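Heads up, the thing below is written out as structure tokens.
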Amino acid sequence: MSSNTDAEIQLLQSIKEKAAAAGTQNSAASTSGSSSDSKITRESSAFSRREITNDVPIVSSAYSEVKEAPAWVKKDTPVDKYDKYGSRPAVSTSSGPSRVSRPESESTDNKYSKYISRAAEPSTRVKRSREEFEREEPDPREYGNSRIEQEKDDDGGAAIPYSNLDVSNQSYDHRTLQSREYYTFQSHISNKEERDINSIVRTHYNQRAVHSKRQVRKNSPIIKMRNFNNAIKYMLLGNYSKREQGVDRPFTFLDLCCGKGGDLNKCQFLEIDQYIGIDISDVSVKEAFQRYSQKKVRFRSAYGQKPRKDELRYDFEACFATGDCFSKTIPELLEPNFPGIIDKTFPVDTVSIQFSLHYAFETEDKVRTILTNVSRSLRPGGKFIGTIPSSDFIRKKIVTKNYLPDDRGKKKFGNSLYSVTFDKEPPEDGVFRPPFGNKYNYSLKDAIDDVPEYVVPFETLRAMCEDVGMELKLKKNFIDIFNQEIPKYFSKLSKHLIEGMKRSDGKYGAEGEEKEAVGFYIGFVFEKLGS
């Protein structure tokens, strides 16, 4: 039994040894194959992991041959321009610069681009170059077609909501656009023939207000004429707009058809206490308010002395309203937004209407409404001061038949700066009967683009002012006003304004075609009667 047992044990050991030997060979073969595969993989990955791995993101590397540009140099699809804060770029772990070439369309001179996500996309950057800004902004010559015509007001006009104005976007840099080539203003008013005068005028001046913010005023082709007209207004207002003597009450100035607030500086010159501006153009009123707000007076420390007011800023109070003063009363326009203003600030010392009264002469009712507004707003002795086209000038052009050729066969006069085109055949004697509704289209280069206006027969204006208790004090054309008043005002007006009226002969005033264009206007002053 012992012999059998020993034989069985030897047999079992032999079987185990053979099995162990077979397992060792298989293990060796397996180890050899795995080592070979690992070697191949390492050799492949040494050239490029991207060739065998699809789920690994592309990483810029100085040693890899990249077939696709990294995400941070790609030009993405444009996004909303207010989406300035893109996600942070992934930080590359590679050492050394990438050999990846930028696309030809990509700018290579922006040294900050590698730190900004989607650096090539202009609209995602907080601070953008002038060239990129200009590429995005509409050409001023195309502005009317691109945006203004997209917004319609209640009358079918193209009034722009405040939310679309540049003045409501404090990050908008107007100086950028103003550095470009100057483009003269041209309005874009659709269906003009079907609109009433209010809609046309409102739309025109809305567009004009937006356009002017994109231009440098001194580059205007009529800058000398603008300066001349401003000097005339300084002279008229300076001579006749006065504080009431012997009465302790604020010096108040009512600016009807105030536009963009172009006479705010003149009110500071007059040292008024309270300004009220009303205009039919909502965009112009918004611009006037912003102009006032930006220059509202601040007080400077004098280190122990009495505080001094900044002479370059406005130290009067002001309020602004949008409305048609030719069809509504002043209380109707002001009281809804400024309750109690009539009782607190009226009557006023001066009412001013500059280059606008002629629009009222469409109808007798409009003229009576505006003159009633003026008279009821003024204190006794207060002044009504304005500028209008001269009916005498128009009559002379008609009588002498001093007309220009017109493609439509209509009667037209003027020069390269301005033109007057009559809607109907004018009377041969130049006297319009009846005195209302005598329309012509007026154009002034870079200012008024073929807008309907109405002849203002001055004797009719005088008679209607007398009907509401106002007496004529002055009627004079611009050239005569300037020649008479410039010696007095030469030292009072700013050097910039004076130098802006310098003629080719070294003297000051208007010359050539500008002289005829400014000669189209007169200034007037009426005084409110009573005690």
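Including glycine, each Cβ sits where the backbone N, Cα and C put it.
Feature annotations, reproduced from Swiss-Prot:
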BINDING   ASN229, ASN230  mRNA binding site
BINDING   LYS233, CYS257, ASP279, ASP324, GLN354, TYR359  S-adenosyl-L-methionine binding site
COMPBIAS  20-36  compositional bias 'Low complexity'
COMPBIAS  65-86  compositional bias 'Basic and acidic residues'
COMPBIAS  101-112  compositional bias 'Basic and acidic residues'
COMPBIAS  129-150  compositional bias 'Basic and acidic residues'
DOMAIN    220-529  domain 'mRNA cap 0 methyltransferase'
REGION    18-165  region 'Disordered'
SITE      LYS260  site 'mRNA cap binding'
SITE      LYS266  site 'mRNA cap binding'
SITE      ARG291  site 'mRNA cap binding'
SITE      HIS358  site 'mRNA cap binding'
SITE      GLU453  site 'mRNA cap binding'
SITE      TYR521  site 'mRNA cap binding'
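Taking the features listed in Swiss-Prot, we show where each one sits on the structure.
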residue : record                               : DSSP (3 states)
ASN229  : mRNA binding site                    : helix
CYS257  : S-adenosyl-L-methionine binding site : coil
LYS266  : site 'mRNA cap binding'              : helix
ASP324  : S-adenosyl-L-methionine binding site : coil
GLN354  : S-adenosyl-L-methionine binding site : strand
TYR359  : S-adenosyl-L-methionine binding site : helix
TYR521  : site 'mRNA cap binding'              : strand
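In the three-state DSSP scheme, GLU453 (site 'mRNA cap binding') falls into the strand class. Neighbour counts of Cβ atoms within 10 Å were compared across the recorded positions LYS233, LYS260, LYS266, ARG291, HIS358; the minimum falls on ARG291. Taking the C-alpha positions, the distance from ASP324 (S-adenosyl-L-methionine binding site) to ASN229 (mRNA binding site) comes to 24 Å.
Comparing CYS257 (S-adenosyl-L-methionine binding site) with HIS358 (site 'mRNA cap binding'), their Cα atoms are 11 Å apart once rounded. Mean pLDDT across the domain 'mRNA cap 0 methyltransferase' (220-529) comes to 93 in this model. When the binding-site residues ASN229, ASN230, GLN354 are compared by the number of other C-beta atoms lying within 10 angstroms of their own C-beta, ASN230 comes out lowest. A Cα-Cα distance of 24 Å separates LYS266 (site 'mRNA cap binding') from TYR359 (S-adenosyl-L-methionine binding site).
For the recorded positions ASP279, ASP324, GLU453, the ranking by surrounding Cβ atoms (within 10 Å, all protein chains) places ASP279 first. Here the recorded positions are TYR359, TYR521, and the one whose Cβ sees the fewest other Cβ atoms within 10 Å is TYR521.
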